[in-house]
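Here's the structure we're looking at; comments come further down.
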C-alpha cells in the first residue's frame, strides 16, 4: 500500500534531484524571484491529466459522503438509544446535534492548518482519528461518553467538508469547478438521506450499536481510497519543491524560496486570521444573506429526518425500516439537481466555445439563475409536501415525489450560492465558506431538538407552511443580488470587483512600492480556497491570481518568467 500511495500521490517526474545536476534544467522563477510553476508543469495540479483529476475528485467526495452519512445515521436509532440509556427521545437527538456542532468547530481548525501543511496530511490525520473515535461511540458505556464521541467525530470529519472545496478549486478551472461542486453538493445531500434508511433497518433487527459498526466499516473502506489523494495545494507543492532545489544546491539557486515562505507561517498568525476573519465577513451583506438562506435550507434538510418518521411511521403505521425508505426520494431529487447543474455548466461551456460569451466577461451574479429557480421551487415544493403529507388519504407516493423535488430545488440553491460566494470573495473565499459552514451547521444542529414538538403541535401542514413562508420571503434574495449584486460588491471591503481592481492598477502605476507592500499583506493574511487558478471575473487588465505562482497575486505587468 505504501508503494501505491507513493505512486499515486506524487508527481511522476521530479526535475530537481541531488544527482546529475549538470543535466537538470534550472528552476522556473517568477518576476519577483520566487519559485513558480513553469508552463505546462506536471507538478501543477491544474495541469494533471483529466482521469487523475477525476480520481482525486471522487476520492474527496467519498470522504464528504462519509461525513454527511455519519451526521444523520443515529437519527434512525434514536428509540433504541433512548431505551438503552433510559433517556427521552429529545435527549437522544443530541447525538445528531453534538455531531453538527462539531461541524462548527472543525473548519476553524482544519482550514488554517491546510494552508500551513497542505490538504493531504490534514485528511490523513483527521480521518484516521475519526475512525478511532467511532469505536468510542460504538462501545460507549454511558450516554455522556456517546455524546463526547459524537462531538469529537463531528469535529474531525468536518475536515473533508471544509477542505474538499479547496481541493476541487486546486485542480479544476472555474468553469469546470461548477461540475465538481455539483458532485460535492450532491454528496452533502445524499449522505444524510441514506443514514436514517440504513439505521432504520438496523433498528428493526439489531440495535443502535450497529449503526456505528457500519460507520467504522464504511470509514475503513474510504480510508484506503483516501490514501490515493495527492497534495493539491499549490503553495505547499511549491514550498516542498523549493526545499528540494535548495537541497540540490544548484549553482545560483541555493537560496531560492517559494511564495509561501515570504509569509508569516506561524501558528499564532495563521489562526489569528482564521479565527477572526470569518466572523467579520459573516456580517458582510452578501455573506450574511447567503448564510441566512443556506441556514434555512440546511436546517430543513435535518428537519426532514424528524418529519418523515411522523408522516410515515406514526401516521401511516410503517415500521422503522420501511418508514425511512421515502427518504430515498430526496436522494433521487439530489441526483436530479446535480444533473441540472451539470447541464447548465455544459450549456455555458458550449456558448463560450461558440464565442457567444467570453469566460473573462462572466460575473459572479451569472451563478444566480439556478438559485432563482430553486428559490421559487423550494417554497412551492414545501407547500406541496406539507399538505399532501398532512392527510393519510393521499397516496404515499405524492409526498415522496414532493420531497424529492424539494431536495432538487434545495440543492440548486446550495450549489449556486457556494459558487457565488467563491466568485464574490475570491482570495477571502475560504473565510466566507467557513463562516457560512458554521452558520448553517449551528442552525441545523438545533433542528432535531424542536422539530418533532413543532410538527406535533402545528401539524405537518401548519409546520410545513411556516417553513414554506420563510422560504417565500427568502426567494427574493437571488433576484436582488442578480440586479444589485455588483453595486453591493463595490461597497464591500472584502469583495473584489473589476472597478476596484482597476483603481488598484492605477495606484500601482503611481506608487509601485506601496502597491507591492499592500499585495503582499493581502496574500499573507488570506486563507485561500481558490489559490491555483485565475478568477472567472478577472480580465487581462486587472490583478489576477496566477497559476504559475502557486496562487500568488500578481499585478498586470508581472508575468511568468525564468531568471538565469
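From the backbone N, Cα and C atoms, a Cβ is placed for every residue, glycine too.
The stretch that TrEMBL tags with transmembrane segment, taken from the ranges 427-454, 455-482, 483-510, is 455-482. Per TrEMBL, the range carrying the annotation transmembrane segment out of 10-31, 32-53, 142-163, 208-229 is 208-229.
Within the chain carrying the transmembrane segment (368-387), a Cβ under 8 angstroms from the stretch's Cβ atoms is held by residues 297, 300, 340-341, 344, 399, 402-403, 405-406, 408-413, 415-417, 420, 460-465, 467-468, 471-472, 474-479, 481-482, 485, all 6 or more beyond its ends. For the transmembrane segment (325-343), the most Cβ-contacting stretch among 54-71, 122-141, 180-202, 286-305 is 180-202 (pairs under 8 Å). Counting only same-chain residues 6+ beyond the ends of the transmembrane segment (180-202), those with a CB under 8 A from a CB of the stretch are 57, 60-62, 64-77, 161, 164-165, 168, 172, 208, 210-211, 214, 301-302, 305, 308, 320-321, 323-325, 327-328, 330-331, 333-335, 337-338, 341-342, 345, 407, 410-411, 414-415, 418-419. Along the domain 'Major facilitator superfamily (MFS) profile' (52-486), the predicted structure has mean pLDDT 87.
Sequence-distant contacts of the transmembrane segment (54-71) (same chain, six or more residues past either end, CB-CB distance under 8 Å): 8, 48, 96, 99-100, 103, 123, 127, 134, 153-154, 157-158, 160-161, 164, 167-168, 171-172, 180, 183-184, 187-192, 194-195, 215, 218-219, 222, 225-226, 228-230, 232.
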